[in-house]
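Chemist: Below are the structure tokens for one structure; questions will follow.
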């Protein structure tokens, strides 16, 4: 059970507990009011008896003494009821306060989880963007080869047996996109990198240089291969 589910279950339980405590508080309040009413009536009767002249009697009146003691006991009972009401109210307050603190902790945990998820998503997006930028400008030096996914135009050309050197692309081209190969066109389809560090073109379409698959080992474009052979012949 997750924290949210557990907290929701505790809230349902809290509602029932508070309902019982509030019902008991109402009962105690009614009892307290009735006890105070009866005690007030008793006190008023005693005061009325005193006014009628019984207070001037030097002989102790045991009935009045007993009456006063009963009134005092009733007043003490009212105090006990009031104390019980305060205890119940404090218990209800503590229960609500405990759940509020739990909710605060849950909100803090949720905020922390959301913050970490946002940071992870931002880091992933940055890595993807860096990877795309690296693929666009990555050189093929040191024998590294790169294969690009074919565009719709290059796929159609391959199915008809046409090479990129004699294929007329009608697709819109971004004027800011870099061009490659001896055909001086943008990157599409599978491409191979020349292993000559000084190669001016660097990347070539398979079809333009007569390749059908990635060459094994080092590979040099026609121009660099010619220069390399001429240097060996000297």
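Cβ atoms here come from the backbone N, Cα and C positions, even for glycine.
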Chemist: Which of these ranges is annotated region 'Disordered' in Swiss-Prot: 91-128, 129-166?
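Modeler: Within the set 91-128, 129-166, Swiss-Prot attaches region 'Disordered' to 129-166.
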Chemist: What number of additional C-beta atoms lies within 10 angstroms of the C-beta atom of residue 205 (Zn(2+) 1 binding site)?
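Modeler: Looking across every protein chain shown, the total is 24.
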Chemist: Go through 181, 183, 191, 208, the listed recorded positions, and name the one with the sparsest Cβ surroundings, counting other Cβ atoms within 10 Å.
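Modeler: Comparing Cβ neighbours within 10 Å for the recorded positions 181, 183, 191, 208, 183 has the fewest.
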Chemist: Between residue 183 (Zn(2+) 1 binding site) and residue 195 (site 'Histone H3K4me3 binding'), what is the CA-CA distance rounded to a whole number of Å?
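Modeler: Rounded to the nearest whole number, the Cα-Cα distance is 19 Å.
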Chemist: Can you figure out which of 191, 195, 203 (the recorded sites) comes closest in space to residue 181 (Zn(2+) 1 binding site), comparing Cα atoms?
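Modeler: Its closest listed neighbour, by Cα, is 203.
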